[in-house]
């Protein structure tokens, strides 16, 4: 399933452009720009499933590094600093991965 079937392609492009520079990524602002905040819980779960590349039910650190490519093939890789900050913010139980909830 492509992200464009869930989110607006122009919003995705705008969000990717906003964070094109290394070490500029802010997950809250990115998700706001792509329109995820306005989506239903079911639609957010669909986005999660696209980002969960190995279908483990979790987004692990290695998948998180490539999260922007999940939105568009030309998305950049997150830096280690961005990946670690994102993981710390989203990993509520400290197990090193992000669950669907």
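Each Cβ is built from the backbone N, Cα and C atoms, and glycine gets one as well.
Feature annotations, courtesy of TrEMBL:
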type	residues	note
BINDING	52, 54, 56, 58, 63	Ca(2+) 1 binding site
BINDING	91, 93, 95, 97	Ca(2+) 2 binding site
DOMAIN	39-74	domain 'EF-hand'
DOMAIN	78-101	domain 'EF-hand'
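Locations of recorded TrEMBL features on the structure.
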residue : record                : contacts (Cβ under 8 Å, 6+ apart)
52      : Ca(2+) 1 binding site : 58, 59, 63, 100
54      : Ca(2+) 1 binding site : 60, 63
56      : Ca(2+) 1 binding site : none
91      : Ca(2+) 2 binding site : 97, 98
93      : Ca(2+) 2 binding site : 99
95      : Ca(2+) 2 binding site : none
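Summary of the Ca(2+) 2 site environment: with the site residues 91, 93, 95, 97 set aside, the chain residues having Cβ atoms within 8 Å of the Cβ mean position are 58, 92, 94, 96, 98, 99. Residues belonging to the domain 'EF-hand' (39-74) score a mean pLDDT of 95 in the model. Helix, strand and coil counts under DSSP for the domain 'EF-hand' (78-101) come to 11 helix, 3 strand, 10 coil.
The Cβ neighbour count for residue 97 (Ca(2+) 2 binding site), using a 10 Å radius over every protein chain in view, is 19.
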